[in-house]
Amino acid sequence: MPQLVDIHGHIQFSAFKDDADEVIKRAIDSGVYIIAPSSQLSTSKRAILYAEKYPGKVFAAVGLHPIHLKPAKFDPSEGEAPSFQTHGDQFDEKTWRPLAENKNVIALGEVGLDYIDRLELSEKDRDVQEETFRKEIELALSVNKPIIQHCRSGIVEGKERDAHDDALRIIRDYILNSEPSTLRGVAHCYSGNIGQAKKYLDLGFHLSFTGLITFNNLWDEVIKMAPLERLMVETDCPYMTPIPHRGKRNEPMYVRYMADKIAELKGFSFERVAERTTKNAQELFGLPL
């Protein structure tokens, strides 16, 4: 059975509060390793607990997601996840450093920019997101760990704004202005265009894809263009459920459908995609597989 790494599975989120262990065991039995990125302090601590409970099978990433920087109420958008409330958290390096240094933590994530309409962002709000993103990048650099980047375009002060353009500018600042630069990472749930994808690749970043690619052809050309050596697969569970399980809660064992789709688009065997994307994750995150 080919091994796979789900580089983005939120098994510590409340959607799995009743059966996380069963979900993890199904993934392990399917040959799937899990990286569990986080959204705030509580989910970061839970990710570490699962990594400790399943050593060598589950790995933690810790970080403060940009949507948690402003109070807001989030209702289910796909009918696949519970609603939640954000409270306007602030990133404090002294609080986050011990988590980032934990031996079970393999990355800072998910971190980045989110301009989703329902946040009703002002320019000041956006500036807070960028400032926080930079602080988390600097923490990642100081502990020599990669970042798992979240990026979603939307509206800032009533105008459309491209989050990928801003993220690329920020990443470029750290890569081009540091000698040598050790910043490395992956653009998770890649949602940009092909030109932006080429820029991420030029900066040494990887691209990762969710179940969206199983029912939306928007990123087909990006996948065909990108070298297999720079691609990864993820579920982003409990969200982004792939075909044929749309309408159900997503889980890590479904990551095979993303590898299947990439294989189809690139004209490769499933085994080749599974082997190479697993190696990519192993190399970027230093996974002891």
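Cβ atoms here come from the backbone N, Cα and C positions, even for glycine.
Within the same chain, the residues at least 6 positions away from His8 (divalent metal cation 1 binding site) whose Cβ sits under 8 Å from its Cβ are Ile35, Pro37, Glu110, Ile148, His188, Cys189, Ser208, Thr210, Glu234, Thr235, Asp236, listed in sequence order. The divalent metal cation 1 binding site feature in TrEMBL is assigned to His8, His10, Glu110, Asp236.
For the recorded site, His150 (divalent metal cation 2 binding site), the DSSP three-state label reads strand. As annotated by TrEMBL, divalent metal cation 2 binding site applies to His150, His188.
Taking the Cβ of His150 (divalent metal cation 2 binding site) as reference, residues of its chain lying under 8 Å away and at least six apart in sequence are, in sequence order, His65, Pro66, Gly109, Glu110, Val111, Gly112, Leu113, Asp114, His188, Cys189.
Neighbours of the divalent metal cation 1 site: apart from His8, His10, Glu110, Asp236, residues of the same chain with C-beta atoms within 8 angstroms of the site's C-beta centroid are Gly9, Pro37, Gly109, Ile148, His150, His188, Cys189, Glu234, Thr235, Cys237, Tyr239. Sequence-distant neighbours of His10 (divalent metal cation 1 binding site) (same chain, 6+ apart, CB under 8 A from its CB) are Phe16, Ala36, Pro37, Ser38, Ser39, Thr43, Asp236, Cys237, Pro238, Tyr239.
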